[in-house]
Structure formats: structure tokens, C-alpha cells
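Visitor: Just lifted these from Swiss-Prot, have a look:
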- 1-21: signal peptide (SIGNAL)
- 25-36: compositional bias 'Basic and acidic residues' (COMPBIAS)
- 42-75: repeat 'TPR 1' (REPEAT)
- 144-177: repeat 'TPR 2' (REPEAT)
- 205-238: repeat 'TPR 3' (REPEAT)
- 444: N-linked glycosylation site (CARBOHYD)
- 544: N-linked glycosylation site (CARBOHYD)
- 552-666: domain 'Fe2OG dioxygenase' (DOMAIN)
- 657: active site (ACT_SITE)
């Protein structure tokens, strides 16, 4: 593609998108909020709060965790306000013609960037870069993990009411968390509370929508209208916030591996396309309830579907017609609503021209922008060479199912059915022949169970992969090199606060061995046994292509004393390794943030001197256990990584459970970088070893 074409495409992509219509359009851009002092980074406050919790300083834990949550909310608000302020104050100029035609446009871009930096720095009390956090921290706040720590800290401080609020807030985003459910029941019984608990992170537009549905079903149409209209105002406000937050820094993971450095226009277009796709998918974000993977079907259109009939029932036929026409912007061929339009038009005064009644203004600009974005993404995908499948955001199978579906006197033929959730794709079936039963390659390894005996697909259980001596040696290495966390990002207790989670990578083990901090022989054993496991998996499942490491670490889970009473949570919740498990839909969606490139998984256990910690397979409902495996020294479980093998780990209630966890891929593009570096370290060590055993020749003898 010629450079001039790239310029045209880039300028087209960066043109300002249509703004939402409606009563708020005439408002001035939101002025930045007044000074309130430097904002402390929420990730540092969060880390401090968690550390205080584990040290038993519960007052400090509460203080820092509450401050972290407050900082997180304020940061989002500042970013949103600054984005809207600068978009209004520094509009992007359309490109002109002739030499340097793009310069005014890029000047406007630079001015907006300066405005954004100045606004955020002023409001934050320092550079915005201080508030960039890791994906792990961002994920914790999205999953409301801080509230799990908070409720426990409040209980320690005998503040039951606040503990209940925190527990309820966490549970709303983690409905599968059995221990929290039990805690909530116990709290309610103790406090004798019957009133609904407060969800501190409730989404206003979802709350208003739910209230509207309740009033609608109770035939209270005046109240239903009030809440649905409020829900729409809140929805569009949330949409603007979501879009503003998409404008932050982006990551180019696939390019990082290749050392890719694009030219000016390619780099800008690559970055902007990530922003645009993020903004385009805000409709899915806003339709998804906390803790769910599947969005509410047909969510935004349903507001207008409910409203068109509610307005009809209160005699406001013009508004009913506006809402019906708004619904048709999503589903222009919906026969029921087309009939409704004809019916509403027949009810208008003779002085009112039906053709003059148009679809709701608040939606017209929204849909126009959404369609324009879809066209731009498709155009850019063809030119930039990335894949993007436009989801059906407005799936129409999930319409209302009630006796008020169509007004009286209107044809009611044509049944509706519930169907697929919007924007979802079922994972493809495994694109290779499924075989098993190949040779185990090494002596002394004992075959225990195959897939059929484990009630599943592509599963195998083996014993004696490690000797007792090797288990003891690896356990010793683990205690010498492990960090609190997973070994890559140091994430403390990522799955449950009732256990300490520690991990280490192969590369770190070799580094410690090379520095003499652990025996080099023991560090080398970690490397060697992981390679042994890879060869066994590749051979047993009779794979026709090379199996590569995609992720390797040694991991120990330790039960925390004083926190094991009444435990019924899992050490590691039920999940799949290469797709997002959706128990409600009985599906596993092979899409980011899942590690979609993983093909096989293996766990090699080091010990059995602990209570609990059984590895379990389940059905896709994440509840029906199909197999349970008790870890012990030298035992290895391996399986394919997809939705056919949901699995988890039961709570470790006493002692420490250690294992080597391995994930493999058939795609060399996704080879584990640390493993490649570890291979290089091993090559250097082998070369040094060969040098030590070489002939000791006096250089003078060679003369």
C-alpha cells in the first residue's frame, strides 16, 4: 500500500466520530475537577493493604485497601473528565489539500495530547505514568479482589456491617465463590439482616435497567418509563467513560516477541486500531454483568423495546413511535415492531404527520457512529493484515417474552425464541487427530489411567515420573528460590486469601544456581525434568509436530494458619487453560484474555504431606466432578488445554502442596521466552563443563 494511501486511511481513522444526540449535547465540556492533593497510585496502596492484612495489621489493611479503591475510582474519573474536556477544547481539524495538508490535523493531535497530559498531571498531582499498573492488578480490581481482603479485615475488627457490604460486593462479581456465599449467609444470620445488601461497585445503568424491568412486569408503566429512561442516560454516560478509558497505553504483545518496529503511519494505525476496537466493544462491556462472560442478550435494543410499549400503555403515542423506530435501527426486519409502528401511527392526531416522527435522537448518532467504526475496522483489517470478526452485538433472539409483547389489536403471529449471546464464538473443535497411548519413553514410569478411565478426553495419569530423591531435591530448591506470587509477576494469593501462593521460573532457578545461591545441580534438575515431561506428553499423545513450552513454573500453595475454618472455596477455581469457561452458557470461549495458543497442560507433583489440594476435572458446568486426583511425589497428570478439560484444585487446608506446572503449544510463535533464555544458559553451562573436562595442555607445549 502506497504511503499516500496510508495517510488517507490514517486521517480517516482519526476523524472525530459522531457525538451522541440528546439533551446533554448542549452542555459545555466538563471542566477538570479542583485540586485535591496528589493522588496516590492505587496499586501501591493495594499492595500495602494486602501486606498489612497478612501481617495481621487489620486497621492499616482497611485504611490502605479503602484508599486503593478510592484512588482507583478517582483515577478513572480524572481520565474520563480530561478526555472529554480535551476532546471539546481541542477538536481534531479535518485534513486539507496540497503539500503539508496533514499538518493542521497533526497539530490538533499534538495539542490534544498536550491538553490531556497537562489536565491529568494537574489533577493527579504528578505525571500520569505513576498510575500505570500491571495487568494483574487491573484484573484484581476488575474481579473486585480487594473487597475479599476488606471483608476479612473488617471481620477481624468486629465491623460486621462493613464486612457484609464488602463480602456482598465481592460476591456479585464472583458468584461461583462458594466460601463467600457461606460467609454471607453466616453474616446475615448473625446480624439478622433481611434488607438487600449494598453493592459498592454496582453499575448504575444495570441497576436502573433491572428496576425498570421489575416495574414493567408489575404493570407499573409510569415507573418503568422513569427507570428505563434513567438507564439510557446512565448507559450513554458509561459508554463515554468506557471509550475515554480505551485511549490509554496499548500493548503490542504479538509484535514484542518479533521485535517489530513499524514506520510512522503503521505504528500510529496499529495503536489507534487497538483503541478503536476497544471503544467499539464498549457495547459488550456495558451489557455484561459483573462476574459474567456472556452479555445480556440484545441489551441496548431491549430498552427501546420495553419503552415503546410502556409509552403506548400510558397514552404517549409519539414517544412510543420514536422508541419503536429506535428499535428498528437495530432490527429493521422485526415484524412485530414493524406492526407496532403501523399501529402507533394509526393512533396519532390528524395534525401529526407520521413521517415527521423519527427514531430517538439519542440513539441515531450512537448507531451511526457504531456502524462507521465497524466499517473502519473492517477496512483497516484488510489493509493492516490483522484479523477481526465483527460480533453480532444486537442479537435479536433474546427479546421480551411476555403477554405485552405486542399491543392489543396487532398481529401476534411469529414466536420468538432465545438464542446465542451476542459477540460470542464457540471454540473450534481441536484441529488435529486425537490419539493417545504412545510410548512413555523412560523406564520406571507407571501408567495409571487413560482418558476413558478419567471420564474425559485427552487425559493421562502417570506415576514415578520423579524419584523420591528428585522430589526432595526439587522441594529444597523451591524453598530456596520462590517468591510470594507466581514467579513471573509476584502476585500474592491470586486465587484465595486462605493460602500463600509461591512460584519460580526455570530461568530464575538457573540464575540462582549459577550464582551459588542454590546447588546448580538442583537448579539443572528443574530444567531437565520439565524437558522430560514435555517429551512424555509429546510421545504419549502421539503428536505429529513438535510440542513447545509456552509457560513453565514451580508452584507451592501453603495453607495459612487461622484461616482454614469452614473453608469450602477452591485453591484454584474451575477453569480451562486456553479458553474462557462460561458455566452458565455451558461453553468455553476461545478468545482473549485466555491463552488461546496453549494446546496441552501437565502438572508434576513433588509431595503429598498436606491435606486437601486434590486436582479435579469437571463438566463445563464447573460443578459436576468427573475425576479427582490426589497428588503425590512423581505423579503427573497431563491433558489437552481446551474446554473439554475444565479443572481446578481443592482447598489446601494444611501444609504445603508443591508441583511443577507446565503448559505447551504446537505453535512455535508462542514459545516461552524465558525457556529460550534458559536453553541459552544451559548451553553456556554445558560449554563451561566441557572446558573443565578438556585436556590440560600447557600452551608452551604447542609451540
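Counting begins at 1 with the first residue displayed.
Heads up, the Cβ atoms here are built off N, Cα and C, so glycines get one too.
Relative to the rest of the structure, where do these features sit?
Guide: Here the repeat 'TPR 1' (42-75) has a mean pLDDT of 94 out of 100.
Under DSSP, residue 444 (N-linked glycosylation site) is assigned to coil, being neither helix nor strand in the three-state scheme. In sequence order, 464, 467 make up the list of same-chain residues 6 or more apart from residue 444 (N-linked glycosylation site) whose Cβ falls under 8 Å from its Cβ.
Counting every protein chain shown, the Cβ of residue 544 (N-linked glycosylation site) has 9 other Cβ atoms within 10 Å.
Using a 10 Å radius centred on the Cβ of residue 657 (active site) and all shown protein chains, the other Cβ atoms total 26.
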Visitor: Would you kindly give the Cα-Cα distance separating residue 657 (active site) and residue 544 (N-linked glycosylation site), rounded to the nearest Å?
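Guide: Cα-Cα, rounded: 34 Å.
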